[in-house]
Amino acid sequence: MSELARFSVSLEAELLRAFDQYVRAGAFATRSEAIRQLLLESLTRKSFAADQAPVLATLTLVYEHHRPHLVEKLLTLQHEHAEQVIATMHVHMDQDRCLEVLVLRGRGRELVRLAESLRGLKGVHRGELTLAETAQPPTEVASTASPPEQAHTHPPSPHAHAHPHPHPRSSRASTPTPRVKQSERRTSRR
């Protein structure tokens, strides 16, 4: 462990009270632990955002699904960046808003730009990008996509979009289970 350095911080009383609540709510042992965590998160985020190193990320969006053309624009951007958008989850929050979580893979700088373009659309109320380093380089979608004959559409819903979604073929599905005749079965006796 590296040597610890001590320093003091001056804060307004109201900000200190809010920070102390944050420390308690986060179950940090001390203010120092909370400050260390906040600094690491901030510095890591800035480092990844400027870097070309491979990262995984999540982008959480909250948006108005009734806003004209917004869903189309969100889907178009996601499809234009199919190499980076590796998974999505969609949740209906209420009658007007949806929450969508995108799992992204790519270079830090590219993912930050993609997040900014999605967050910048009218009707998107919130967009939070969380980056995490990975040792795996970004991969091409084509390397994991299924053959076209496995593509299918999903049933319609009020917010669905109908187009083929290829799914990777699992190793179990591609290897048929051998059938054993009753006469070929062995039984073990003790």
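Every residue gets a Cβ built from N, Cα and C, even glycine.
Cβ neighbour count for CYS98 (Ni(2+) binding site) (all protein chains, 10 Å cutoff from its Cβ): 19. According to TrEMBL, the feature Ni(2+) binding site maps to HIS79, HIS90, HIS92, CYS98.
Feature annotation from TrEMBL assigns compositional bias 'Basic residues' to 160-170.
The domain 'Ribbon-helix-helix protein CopG' annotation in TrEMBL covers 6-46. Residues in the domain 'Ribbon-helix-helix protein CopG' (6-46) partition by DSSP class (helix H, G, I; strand E, B; coil) as 29 helix, 0 strand, 12 coil.
TrEMBL lists 57-131 with the feature domain 'Transcription factor NikR nickel binding C-terminal'.
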